[in-house]
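Pulled from Swiss-Prot:
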type     : residues                                                          : note
DOMAIN   : 1-284                                                             : domain 'Protein kinase'
BINDING  : ILE7, GLY8, GLU9, GLY10, THR11, TYR12, GLY13, VAL14, VAL15, LYS30 : ATP binding site
MOD_RES  : THR11                                                             : phosphothreonine
MOD_RES  : TYR12                                                             : phosphotyrosine
ACT_SITE : ASP124                                                            : active site, proton acceptor
MOD_RES  : THR158                                                            : phosphothreonine
Amino acid sequence: GENVEKIGEGTYGVVYKARDRVTNETIALKKIRLEQEDEGVPSTAIREISLLKEMQHRNIVRLQDVVHSDKRLYLVFEYLDLDLKKHMDSSPEFIKDPRQVKMFLYQMLCGIAYCHSHRVLHRDLKPQNLLIDRRTNSLKLADFGLARAFGIPVRTFTHEVVTLWYRAPEILLGSRHYSTPVDVWSVGCIFAEMANRRPLSPGDSEIDELFKIFRILGTPNEDTWPGVTSLPDFKSTFPRWPSKDLATVVPNLEPAGLDLLNSMLCLDPTKRITARSAVEHEYFKDIKFVP
């Protein structure tokens with residue numbers, strides 16, 4: 001690429017904006033910093049990433065190419081300059097439109113259902129990696145599948161703490177056997193944040209995050225979540241909070257929206273709605289593609 005410009009720092013390394021000399025289109029170039037700098041790029045990571053090139057869906061940021069040169073890995077993505085976090089911060093009036101919230105949620109779920117059908121998890125969904133195409137007003141998920149290829153660091157390479165606000169309770173409780181429901185949880189948190197215009201449970205440590213979740217949804221026990229007490233980080237000394245009615249927590253949602261949110265924010269991952277079923281939920285029966 002020509003005239004490369006640094007535009008940000010992602011979870012895994014520096015992100016540049018560049019122009020593809022051949023096609024003349026603008027691309028985003030992610031330089032992946034690997035923990036084991038000396039050994040170069042693990043072949044498992046290369047395999048995982050190569051599979052992601054096959055993933056093509058209108059609500060997923062397309063991975064166009066993978067360049068592996070001198071112990072470094074560069075991922076070439078389509079370029080989008082706006083993410084949902086910036087969008088919520090800069091144009092609050094836009095997100096006040098319930099049709100727009102519904103539209104974005106629908107697109108998120110379509111993208112996730114597609115990934116899950118290909119057995120790919122995201123694991124780190126947050127407003128910062130939901131990108132918006134201003135021309136079509138469509139939302140696309142970025143960084144799908146990278147967590148599996150590279151792991152999720154506790155801190156980014158610039159030592160920023162990776163956010164816990166969208167992390168599912170089973171991960172926070174130390175479960176090693178989590179699956180696709182973790183992404184549905186994250187989307188539920190983002191749904192509530194779009195409706196409330198502020199994060200649902202902004203914890204600043206794993207225990208603070210768990211307790212913020214429990215204060216809203218109630219502390220789980222063997223009745224509400226069979227198996228929870230045997231998760232590695234569950235403590236019988238956790239305070240026992242009752243659950244709140246979500247209508248008081250997210251007052252701006254229509255009843256069908258609350259019903260969907262309730263089924264996404266189910267503490268027990270086995271009872272959580274799937275992305276595929278969520279797309280079919282009655283909340284979306286009047287979906288209008290907002291121009």
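Just so you know, glycine gets a Cβ as well, placed from its N, Cα and C.
Feature annotations (Swiss-Prot) mapped to structure.
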residue	record	Cβ within 10 Å
ILE7	ATP binding site	15
GLU9	ATP binding site	13
THR11	ATP binding site	23
TYR12	phosphotyrosine	23
GLY13	ATP binding site	21
VAL15	ATP binding site	18
ASP124	active site, proton acceptor	20
Cβ-centroid neighbourhood (8 Å) of the ATP site, ILE7, GLY8, GLU9, GLY10, THR11, TYR12, GLY13, VAL14, VAL15, LYS30 excluded: LYS31
Largest inter-residue Cα distance among ILE7, GLY8, GLU9, GLY10, THR11, TYR12, GLY13, VAL14, VAL15, LYS30 [record-listed ATP binders, Å]: 14
Inter-residue C-alpha distance, ILE7 (ATP binding site) and ASP124 (active site, proton acceptor) (nearest angstrom): 20
